[in-house]
Each structure stands twice: as C-alpha cells, then as structure tokens.
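S.K.: Structure incoming, see below.
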Amino acid sequence: MKSFDEMTPKEIVQELDKYIVGQYEAKKAVAIAVRNRIRRQKLPEEWRKEVLPKNILMIGPTGVGKTEIARRLAQLSGSPFLKVEATRFTEVGYVGKNVDSMIRDLVEISVNMVKQEKIKEVERQAEELVEERILDALVPESKAVPVVTNPFINLITGGQQQQYTPEDRRRFRAKREEMREKLRKGELENEEIEIELEETVSPFMGIFGPGMEDLGIEITNMFSGMLPKQKKKRKMKVSEARKVLLPLEAEKLIDMDKVVQEALDRAQNRGIIFIDEIDKIAGKESAVGPDVSRQGVQRDLLPIVEGTTIMTKYGPVRTDYILFIAAGAFHVSRPSDLIPELQGRFPIRVELSPLTEEDFVRILKEPENAIIKQYQALLSTEGVELVFTEDGIREMARIAYQLNQRLENIGARRLYTVAEKVLEEISFEAPDIPEKRVVVDAEYVRRRLEKIVQDEDLSAYIL
C-alpha cells in the first residue's frame, strides 16, 4: 500500500469511502486540503511560508458523517487530531476553558503519538531489559551463599560486602538461565514477585477549582523535575510486572528532546482540529445569561485560526499551518451569523446532505466497520453465526429512517439504537441457545420492534 504522502486526492476519497457512505463533496474538500499540505512541504522555503491551509466549514444535520470524515482522515494521514465542542469554551475573563487550551491539548496528543511510535521502535530492547528485571526479582543475587573473607573488610563496610566463590557464581548463572527458559516458555506468568518502582509525589493536584485544571497541570509539570522520586516496592504477578515495566524501560531508551521536537513539528504542520457545534456560538448574543460570551469566544478563536503563537509546556507552537475543520447543523443560525472575520477564515464550505433510506441500507452493509459486521464479530465469540437477509437489512433501515422523520433526526446514530433493540434478545441468550445459526429477516425485525414503533411515546424513549 502507498504511503499517505504519495496518495492522490482521488485515492484519499476512495479510502474514506471504506468507512463513510456518500457525502462526496465533503470528502473531496478534505482530500484536497490535506493534499495541499503535502504539496506545500515540497515548495521552496520562501513559498512555503506564504501558502496557508484553507480551513473548512461543514454544514449538515447531526449523524451524517461530519466528525467521522475528519477522524478517519486524521487516522489515514497519521496526523495529530483533536475534536472539541465550541460550546466548551468561554471568553477570556469568564469561568471555563479558554480557546488556547485546544492547542495545548493538540500538542499533548502529538507528543503521545510520537512517543508511542518511538517506544515501538525500541520495544525489543525494552523487552530484554524487562526480562532482566524480572529475573533479578525471581533469582536475587543476594541468595547466593556468601563466603566470609577478611574480617577487617567486613568491619569497615559494616558487613555489607559479600564475596562469592567461582562455584557460587556458576550456580547462580545456571539457576538464572534455568529461570529464563521457564520465563520464555510462559511457565512463571502467575509467579508473584516484588519489584521496585519510582513514584513522583504530586502535591499540587486537586487544589485548583473548575476551569483551572490547565493551571494545575502546568504547575505540576513545572515542579515534577524538582520533586523527589520515591521508590516503592510492589508485589505483583510476573504477567502484570511485564505490563508495568515495559513502558518504563522503553521510556529510558528514547530521547524525549527529539520526541518533543518531532511532536511540535507534527502538530504545527500536520495537526487537524475539528471544532464541532460552531453554530451554537453564532448569532446575536444576549447581555446576560448563558450566551453572554458567544461573540467573545469567536473573537478569541479568530487569532488562533488566523495564525498566532501559543505557549505550551513543550515550547511555543505556531498555529498558522494547523488545519481547522469547523462543523455545525445551522438549524437556528446561519454561517453568516458568525462574525465576518471568522467567516473569512473558513473559505471552503461544504454542505452534507441528510441521509436517505437507501443510505441507511448502505451504512448497514458497506463500510469496513459496518454495524451488522460488528455484531457478527461479537456474537461469533460465543459460537453464534448471525445471518442478515437483504429484506431484514432493508426493514431495519426503513424503521430507522421512519423514526428519524417522526422523532428527532439523529442521522445514522438511529441505526445503532434500532440494531441494539433488534439483537437484544440474541445478545442476552447467545451463550445458552442450542441453535447456533440465527437468521435476522424482515419478519424477525418487525416482531422485535412492532410494539415500540407503533407506540409514539415508547419509541421516543427507547429508540
């Protein structure tokens, strides 16, 4: 398979098609946007500074694939990705989260992403070090028989020095190799050992009120290097010790300065921030009440989207080349209700169409992570073969679409509630049913949902 940087916009859309049904225009827009970033990397330095990403505004009802398109794109490109709700933020001066925190969160995600990649590279070495530490606990050297040599040396060293004969050392090595063999064969997984772990005392957490969590984390990180690291002995099984020690040993092998440098570069040049519910901060604000800082949030958001420098605990981060994708249903407000400067920062606008009954049929069947495939995989662990007929799938799609028309339109999310209700009985009885092949047809779907769908009040609560 091609690396992401070699993929054409058409190929990116084809990859997104594996997970998201329809919405071609939105897929096309994001594919062009990320491809332009790759093109920008190939430009000479003077041109690279001039080319800024074209941010995208997605307009469409809930459950049509806005978030999923952005999330899958980030996974595909290996970009640091952060999803935030615009309603989470408040204007500077009000209690709540400032918009700057989204950049700090993105950098944190980027650092963790690069760190995990580097840990994977040194995993083999780390496993060898973990094996040695477990063997140290299983066969401590102190258990070898000491030989008293010079009493004057013992007097000076407080009796702590132990001398071993060559025979003792040979016996110790043989015992250690014997235990190594058993360890590699998995014979000692349930053996209990005592290992020493470092713990940093954190006296600052928990003293900061709501909206000040960031400050608490920053102060804790600032003092973490100065705080004493306490060593604590813990008893655990070998299998558990391996899980605990592996990340600790791997971290010792990686250069954190290089990790941070690469993570900052990745966040600045490849980062994607998805701002959901942007329509909720659009419109005229009131002088009092919960909407008092709507326009203030937009004004605070403006410099970040335009391009500014935000200080993080890892260093300054420029936001000029971060791709921002904003999304909203815009049922009550319109994109023109956003402040003009912010509108200008989202030049690419795509409208996602509401899902039809036929789209629902495709969503149930086609994506690689399709709902019915998920249930088939889950129940196969109990030895149950779940078979969906074409008319059964169409009946589920029809009922979900009908409920969306009658009740609140929640898009494809309605399919999850319908599928869950249809398969509730099978999921409950799966381990005990004698007939391990279950066929879900239209009749079966109607039988499971008939009463609920007919009762308006009941369907409003259950589906």
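Every residue, even glycine, has its Cβ placed from backbone N, Cα and C.
Below are the features I grabbed from Swiss-Prot:
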type: BINDING; residues: Val21, Gly63, Val64, Gly65, Lys66, Thr67, Glu68, Asp276, Glu341, Arg413; note: ATP binding site
S.K.: These are the binding-site residues: Glu68, Glu341. Which one scores highest on other Cβ atoms within 10 Å?
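M.R.: The residue with the densest Cβ neighbourhood is Glu68.
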S.K.: Within 10 angstroms of the C-beta of Lys66 (ATP binding site), what count of other C-beta atoms is obtained when all protein chains are considered?
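M.R.: Excluding its own Cβ, the number within 10 Å is 26.
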S.K.: Given the binding-site residues Val21, Val64, and counting only Cβ atoms in the protein chains shown, which has the most within 10 Å of its Cβ?
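M.R.: Highest number of other Cβ atoms within 10 Å: Val64.
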S.K.: Greatest CA-CA distance (Å) over the residues Val21, Gly63, Val64, Gly65, Lys66, Thr67, Glu68, Asp276, Glu341, Arg413 that the record ties to ATP?
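M.R.: Of all Cα pairs among the recorded ATP binders, the widest measures 34 Å.
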S.K.: Can you see whether DSSP assigns Glu68 (ATP binding site) to helix, strand or coil?
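M.R.: It is helical.
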